[in-house]
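Peer 1: Let me begin by handing over the structure; questions about it come next.
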């Protein structure tokens, strides 16, 4: 009985990571403060994120010996730390923080990436999100 009570308390105090599949309009609302940052418009961000993660915070992609996490597909070699490889951890954060529904830390790291690498860090941007962006606007905002 004591084990069950202990497990119940742990479950209440430490809930599971809450991942989220955003819609275009939900994500537009959350990311509105990124509009214009580094001269990147909100529709450019929405388009890029759609193509790299499908608006899904739990997206993990393994590529060339590294791993990319979350909506912004932030790489573990430079930007965040995990238990897989040695990382510079420039954003000073655990990679698993990019898998939850709190995008505050994701946006802070994405801005740092943009400042250091530019928008071309996200390959989908140049190929798919640099023109004809009307479809990425949310009329509900």
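Positions of Cβ are set from backbone N, Cα and C atoms, glycine also.
Here's the feature list from Swiss-Prot:
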- 97, 100, 102, 105, 106: Ca(2+) binding site (BINDING)
- 25-138: disulfide bond (DISULFID)
- 47-129: disulfide bond (DISULFID)
- 80-95: disulfide bond (DISULFID)
- 91-109: disulfide bond (DISULFID)
- 20-141: domain 'C-type lysozyme' (DOMAIN)
- 1-19: signal peptide (SIGNAL)
Peer 1: Just checking: which of 25, 80, 102, 129, 138 have a Cα that is within 10 Å of the Cα of residue 109 (disulfide bond), counting only these recorded positions?
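Peer 2: Candidates kept after distance check: 80.
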Peer 1: Have a look around residue 138 (disulfide bond) and count the other CB atoms within 10 A of its CB, chains all included.
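Peer 2: For residue 138 (disulfide bond), the count of other Cβ atoms within 10 Å is 16.
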Peer 1: Among all the protein chains here, how many other CB atoms are within 10 A of the CB of residue 100 (Ca(2+) binding site)?
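Peer 2: Its Cβ has 17 other Cβ atoms within 10 Å.
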Peer 1: Taking DSSP three-state, what's residue 102 (Ca(2+) binding site) in: helix, strand or coil?
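Peer 2: SS state of residue 102 (Ca(2+) binding site) = coil.
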Peer 1: By a simple count of other Cβ atoms within 10 Å, which of 102, 105, 106, the binding-site residues in the record, is least packed?
Peer 2: 102
Peer 1: List the other residues in this chain whose Cβ sits within 8 Å of the Cβ centroid of the Ca(2+) site residues 97, 100, 102, 105, 106, in sequence order.
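Peer 2: So the extra residues in range turn out to be 57, 70, 93, 98, 99, 101, 103, 104.
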Peer 1: Report, in whole Å, the straight Cα-to-Cα distance of residue 105 (Ca(2+) binding site) from residue 91 (disulfide bond).
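Peer 2: Between the Cα atoms of residue 91 (disulfide bond) and residue 105 (Ca(2+) binding site), the distance comes to 9 Å.
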Peer 1: Rounded to a whole angstrom, what is the C-alpha distance between residue 138 (disulfide bond) and residue 47 (disulfide bond)?
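Peer 2: Cα of residue 138 (disulfide bond) to Cα of residue 47 (disulfide bond) measures 11 Å after rounding.
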Peer 1: In terms of DSSP three-state secondary structure, what is the assignment for residue 91 (disulfide bond)?
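Peer 2: Assignment for residue 91 (disulfide bond) reads coil.
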Peer 1: How many of the residues that make up the domain 'C-type lysozyme' (20-141) does DSSP mark as helix, as strand and as coil?
Peer 2: 56 helix, 14 strand, 52 coil
